[in-house]
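Novice: Per TrEMBL, active site, proton donor is recorded for Tyr80. Per TrEMBL, the feature substrate binding site maps to His176. The domain 'NADP-dependent oxidoreductase' annotation in TrEMBL covers 46-328. Here TrEMBL flags Lys143 as site 'Lowers pKa of active site Tyr'. Sequence annotations record features per position, and here TrEMBL assigns transmembrane segment to 12-31.
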Amino acid sequence: MTLSTSHQGRDTVFKILFQACATLFIMAFTLQSTRSLNDGRTIPALGFGVYQVEPGDKAVQAILWALEAGYRNIDTAACYANEESVGEAIRKRLVSSHFRASENYVMSSSLQSPPSPPPLAQYMNYGIFHSGIPREEIWVTTKLWDDSHGYTNAISAFEFSLEKLGLDYVDLYLIHSPYPGKKLRTESWKGLEELHRKGLVKSIGVSNYGIHHLKELLSICTIKPVVNQIEVTPYLTREDLVAFCNGQNIRVEAYSPLTMGQKLKDPTLVSIARKHGKQPAQILIRWSLQRGFIPLPKSVHKERIIANADVFGWEISAEDMDALTGLNEDFVTEWDPTTCS
């Protein structure tokens, strides 16, 4: 065997091993996967947004379908006016941490055998479902709206949101936008830090912040924001803002990852979707995941909710990722507070 042949054989083995490792990595990244945050917590890699979802039965049903499909990251906001519906849906799917099947049923604390459990029907009356989800497995985000800024107002607004949700705590509370101005958003952040210290909020962050807003916040904060939730798609890549967030270990959440449907017929997107045997929406969500973002797709249709979660176990090639990223045209679907003063 020549030296050249030996090197070729070794290269072939390395290539096979690399491909095997890459395949294992792809298969290991699932709907149950999480992203790390700078406060030590982890957040589900894929979220479910409820922006413009009508409150009431429609919102409750959509969230129940999402939880049934495996989503564990629900994103709402005070201004969406559907926090009550979010809370209702989540409570319907929670495992109760304690129960009282009847007034005379008390678990014995003595060494004697405990009494026989009540009939299954009585468990059901108290929300004890074998298919229930532990509260700690569901990540709930809500946001402070622009009309409630300032230290005291922010705390009061959060308490109102928590009451509407009907939960003991919120996983992530965000300043929805920087629009109210430097003084008020700074005071609001101090309010969020206080909520965090009290344990009512597990993590805090911002939304729609530009680089100058983030620099301002980082110069005064005691607790660093864990995320910046922004609109980011192949048509609005925000390379500088994303790079700044990554450099500061601030995770990027991507709202409107489907461009509110406005780019789903783009020829390049459609071509890449056909190549992979996927829907254009799935390609957009997968692009976001492969960029390291946390996408927050939304739908009120069961089949689309399920399809939007079918973005694991496969990947977009590097060539197609480049083609998608090359579609950038700074396309904003609705508003762009990242540029405000």
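The backbone N, Cα and C atoms fix where each Cβ goes, glycine too.
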Novice: On average, what pLDDT score does this prediction assign to the domain 'NADP-dependent oxidoreductase' (46-328)?
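Specialist: Averaged over the domain 'NADP-dependent oxidoreductase' (46-328), per-residue pLDDT gives 91.
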Novice: Based on Cβ atoms within 10 Å, give me the single least packed residue among the recorded positions Lys143, His176.
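Specialist: Minimum Cβ neighbour count within 10 Å, taken over the recorded positions Lys143, His176, occurs at His176.
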Novice: List the Cα distance (Å, whole number) between the residue listed as 'active site, proton donor' and Lys143 (site 'Lowers pKa of active site Tyr').
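Specialist: Taking the Cα atoms only, the residue listed as 'active site, proton donor' lies 9 Å from Lys143 (site 'Lowers pKa of active site Tyr').
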Novice: Whole-number Å only: compute the distance from the Cα of the residue listed as 'substrate binding site' to the Cα of Lys143 (site 'Lowers pKa of active site Tyr').
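Specialist: Here the two Cα atoms are 5 Å apart.
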Novice: Within 10 angstroms of the C-beta of the residue listed as 'active site, proton donor', what count of other C-beta atoms is obtained when all protein chains are considered?
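Specialist: I count 21 other Cβ atoms within 10 Å of it.
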